[in-house]
Structures are given as structure tokens and as C-alpha cells.
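Take a look at the structure set out below.
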Amino acid sequence: MEMKLVLCLVVSILILCNVTRVRSDASNNRYKVGDDVPLYVNKVGPFHNPSETYRYFDLPFCSSGPTKDKKEALGELLNGDRLVTAPYKLDFLNDKDSEIACKKRLTKEQVAQFREAVSKDYYFQMYYDDLPIWGFIGKVEKEGKNDPSEYKYYLFKHLHFTIFYNKDRVIEIAALSDQKNVVELTENKEVNVEFMYSVKWKETEIPYENRMEKYSHSSSLPHHLEIHWFSIINSCVTVLLLTGFLATILMRVLKNDFVKYAHDEESAEDQEETGWKYIHGDVFRYPKYKSVLAAAVGSGTQLFTLTTFIFLLALVGVFYPYNRGALFTALVVIYALTAGIAGYTAASFFCQLEGTNWVRNLLLTGGLFCGPLLLTFSFLNTVAITYSATAALPFGTIVVIFLIWALVTTPLLVLGGIAGKNSKAEFQAPCRTTKYPREIPLLPWYRKTLPQMAMAGFLPFSAIYIELYYIFASVWGHRIYTIYSILFIVFIILLIVTAFITVALTYFQLAAEDHEWWWRSFLCGGSTGLFIYGYCLYYYFARSDMSGFMQTSFFFGYMACVCYGFFLMLGSIGFRASLFFVRHIYRSIKCE
């Protein structure tokens, strides 16, 4: 417990110090008239494929001079940001009208490249004083034309910047493309392009500290927010009522069992035992593959700790909109620092189950989640390199992540494992285990593992189904997610429902005299992750316009890792709840 508290404090201090540094740097953005305010172009890509992004100058845009890359932090690189100095010069409080940024003669190949980008709805992203700007690079004219060969393709060549300021600080910026000032790209022929821009400065009373609220408000308009809250409350009430109904039934059944068993003990000592009391000599028999189970519980506990810290940081306002890379940085740092929790939990539990090769168990714990994640990343990074996309991590970034894993994650995992092995904790079993296991009676099909997993995963999934759409629209779309309070409530309900439904199914399994509940409780608890992956299939084909090999592989590859993480985390929650429940009911009866 002390180790967990120390790790929690270290994580909090590191993250909060990083956030303070970022915000203090931003607070120094004060300018005088004529000062050069930094404007960076970031990336371009198909609007419907959020993972498929490329460097801005991968398209044949021209530049007013030599470009310079902005140094990016780890989280920004993981986010796919690649900032480069822009061809536009937006000096503080200097209005400009139809200023020429640069000129370029496009070859036939470059015209075809732009035309293909326009046909795929390519957008661009820029950052001006750390404020995001978006826009489309061109348009397709389809009106009155049924044959795609008759479509007209146009490239926007004039950008209108409207910038709001408060005294000596930039507050807001908007960029609009001039729909009339275009270059036609329909035919494969060379064309001269003059990229132009206009700048208009306007004063505003919005304080600098509130300049990011615009993006938060755009994601949570009052009308949408009311619908969001209503749908979540409606879902939660329904699930909680159903959970309460099942809990009431379970408590009544348990009460009757306790009365019955107490009566049996008083009336006839030689009376044959039935139900879950009948298997008291087998219910605490250690499961098969206990090393894998201990590693899964350890990994799931670490992921639960990681998720809890991410929620805490979100609730205190660390992940405000377009704080580039903050989430990815937090995920990497916290996951590395919580490795000790996985090692301690897995080794301690494995030794309680009388396991001997704790070193192998520790290696299994370290690779249970990181292994599939590494394989997935290796494949997807290769795909991104093939596409020359910004999602491909530079070699230096891969080295940094490897060093974090080698110098932080692995040592903490080992130290946690040693502490867990030396904890000398014993497995608390209220009943003695018999020498030979009882034979499990033949059970109907609906009491088998897969049907039980389907029943166990459906109820928790129904509690988070509505919220999943908003999360997917944010992660795999261009919406901003800022209502972390709702998400936290849904997460708490998910944990409660998962724990309860797993306990209920464990009871019904024991009542049917099936004593192999260990793995069943873990699989039933984690089955919600399989439902979430099923929702991924629905979202991709029915709710999104994503397409192409790269976007498809990124979506299903990384979502498989996320759902696998949910499987481990919720599986450990379900197993812990079932273990507590089984211990409780067998302590409440007299076992011979």
C-alpha cells in the first residue's frame, strides 16, 4: 500500500509540474506592434481518415523562404504533430490585404497530386500562437453533373485570417478560404499559382486565460449537453434499476441459503449437503494456469490505476482542448511509473497460490499487455512508414520510448515483484481444500463459459453504449471531448455493474456445484471488452466514412489493444469482486 501511495505522489508531481511549465511558458506570449507571432503549418490529410495525415509540404505548396521544423515533445510526436514554419507572416496588429505569400508553377504531376487531395477532402491544420486553425485546401464542383468525369476541381489560393487580441495577447484566430479566388485543377496541365493571404485584427474583451474555452464550448453546446446528460442519466438509471433488481433477488436467495444451511446443521448432521455448500472443499482449489491468471490480474490492476490517474488529471483540467500531446505524455509516464503495481500484485498473488517460479511469472506480467501492443505498433508503424504518414514515429522517439521501458518500467516491475514475493502474504481460504476434486455435474449449454461471458458483458456494455459514440467521434473524428465529469460517472457505473454481474454469475455457477470459478469470473468480467470491439465494427461500417488500408489497420489495430486493455482491467475487477464474495459466503457457514 505504501508503495502505491509513493508512486501516486510521484506521478502527480511529475505531471502537474509539466503542466505548470507548459502553462507558464504560454503566459509569456506577450507581443508589441509588429512582433513576429509564430505561425506553424502542421499536417494535411483526408478529412474522414484522422490517422492518415501527412506533412504540410508533402503536398506541393510553396514557401516564402527556408522552412524550419519546430521541436516537438514526446506526446506531440505520438499525436502525429509535425510543425513547420508557415509561408504566411502574421505580425502582431499588422493588417494586410491580398498579400502574396509565394508563387509557384505547378507541373502536371503536381496538379494531379493536388487534384487527388482535393477529391479526398484534404484539410490542413495550422497553429498560431498555439491556437489551432483548420481549413480545406480546395473544393469539388458537382452541381448538375452525374458523371464523376465531369466534376471540376479547384484549389484555394487565398486565405483570410481574422485575429482577435486583448491588449498585448492573441485570443482567437479564424481562417477562411476565399471560395472565388481559386485555381482550376481539372486538366493535367501546368499552371501558375499565387498563394495570397489577408489579415484583419480585431479587439476583444475575452481574457487570455479563457481563450481556450471557445473550443470547450463548441463541443458542449447547451442543447447538446442537455441531450447528452439526459441520455446518460436515462441509461444509468435503467442499468442501476436492473442491477438493484438482480441484487435484491441475489440477497434474498443468499439469505434463504444461510437459513437453510443453518437449519440443516442443527437438525441433521449427516444430511447430504447440496448447492454451493456442497463444494466447500473444492471452491478454493487453486486454478489451472495460475501464473497466467496472476499476471492478468497484475496487468489489469496496473491498467485500472492508469485509468484512475488519467481521470483525475482530466477532472483537474490538464487535458484542455488542443493541449497537444498531453494525454499521450501522461499515458506513457503513468504507465511506466505504475509498472511496480503490476509486479507487486502479480508476484504477491502468484506466491499466495503457492507458485514457485515467480521470475517467469514476472516476465509474463511484463509482456502480457506490452507484448501485443509492441507487435501491433510495429506493424502499424511499418504501414505508416510505407505511406510516409506523420503517424510513423521517428527513430529517435522509438529509442526514447525503449529507454523509458528499459530504465523505468522494467526496474519498477522487478522491484514490485520482489516486494510482492517478500510480502509473505498467505491466501485466506475459510475452508480446507480436499485432496481430490469433485466431479462437476453435467451443465446445460447456457451455463457454459461463452454464454456466461455474453450475459456478463452485455449489461456493463449497455451502461456505456451511449458514451462510446461521443468518445469514438472525438478519437476517430474531429469533435472535441471535454465533458470528463460525465465520462467519470459512466466509468464508476461500469465498474459497479461489472463487479455485480460477475458476482451474480459466480454465485449461480457455485449453486450449480461448478467449483471452477476462478477463470470464469475473470473472463466474465473482461467480456465487456469484446462487446466494445464489436461496437468498433458497427462504428466503422455504419457511423463513419473511414476508408483505405492505413486507416482501417490503424482503427482496428489500436482499438484491439484498447479493448484488450479493457478486458484485462475489467477482468481483474470482476475476479477481485468474485474472490471477495466467495470468501464472504463461505465464512458465513460452518464447513466441515
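Please read every residue number as a count from 1 along the shown chain.
Any Cβ shown, glycine's included, is placed from N, Cα and C.
Annotation comment: TrEMBL describes 1-24 as signal peptide.
If you look up TrEMBL, you'll see 227-250 (among others) marked as transmembrane segment. Tertiary proximity for the transmembrane segment (227-250) is limited to same-chain residues at least six positions away from its ends with a CB under 8 Å from its CB atoms, namely 220, 459, 462-463, 465-467, 470, 483, 486, 489-490, 493, 496-497, 500-501, 503-504, 507.
Through the fold, the transmembrane segment (292-320) approaches residues 4, 8, 11-12, 15-16, 19, 212, 216, 326-327, 330-331, 334-335, 338-339, 341-347, 349-350, 353, 355, 361, 364-365, 368-369, 482, 484-485, 487-488, 491, 518-519, 522, 526, 565, 568-573, 575-576 of its own chain, all at least 6 residues removed from its boundaries and within a Cβ separation under 8 Å. What TrEMBL records for 292-320 (among others) is transmembrane segment.
Remote same-chain partners of the transmembrane segment (326-350), defined as residues 6 or more beyond its termini with a Cβ less than 8 Å from a stretch Cβ, comprise 3-4, 7, 10-11, 14-15, 18-19, 22, 73-75, 78-79, 290-291, 294-295, 297-299, 301-302, 305-306, 309-310, 313, 318-319, 358, 361-362, 364-366, 401, 404-405, 408-410, 412-421, 423, 425. Residues or ranges marked as transmembrane segment by TrEMBL: 326-350 (among others).
According to TrEMBL, the feature transmembrane segment maps to 362-385 (among others).
If you look at the transmembrane segment (391-415), the same-chain residues 6 or more away from its ends with a CB under 8 A from one of its CBs are 51-53, 74, 77-78, 80, 332, 335-337, 339-340, 342-343, 362, 365-366, 370, 380-381, 384-385, 554. Annotated transmembrane segment per TrEMBL: 391-415 (among others), in sequence order.
Annotation comment: TrEMBL describes 453-472 (among others) as transmembrane segment.
What TrEMBL records for 484-510 (among others) is transmembrane segment.
The transmembrane segment annotation in TrEMBL covers 522-542 (among others).
What TrEMBL lists as transmembrane segment is 554-582 (among others).
In this chain, the transmembrane segment (484-510) lies in contact with the transmembrane segment (453-472); the count of Cβ pairs under 8 Å, excluding pairs fewer than 6 apart in sequence, is at least 3. With respect to Cβ pairs under 8 Å, the transmembrane segment (484-510) is most closely packed against 554-582, considering the stretches 362-385, 522-542, 554-582.
Counting same-chain residues at least six beyond the ends of the transmembrane segment (554-582), those with a Cβ under 8 angstroms from any Cβ of the stretch are 51-52, 283-284, 293, 296-297, 299-301, 303-304, 307, 368-369, 372-373, 376, 379-380, 383-384, 391, 456, 460, 476, 494-495, 498-500, 502-503, 506-507, 510, 517-518, 521-530, 532-533, 536, 540, 546.
For the transmembrane segment (522-542), the list of distant contacts is 293, 296-297, 300, 449, 452-458, 460-461, 464-465, 468-469, 472, 476, 494, 498-499, 501-502, 505-506, 552, 555-556, 559-560, 562-575, 577-578: same-chain residues at least six beyond its ends, Cβ to Cβ under 8 Å.
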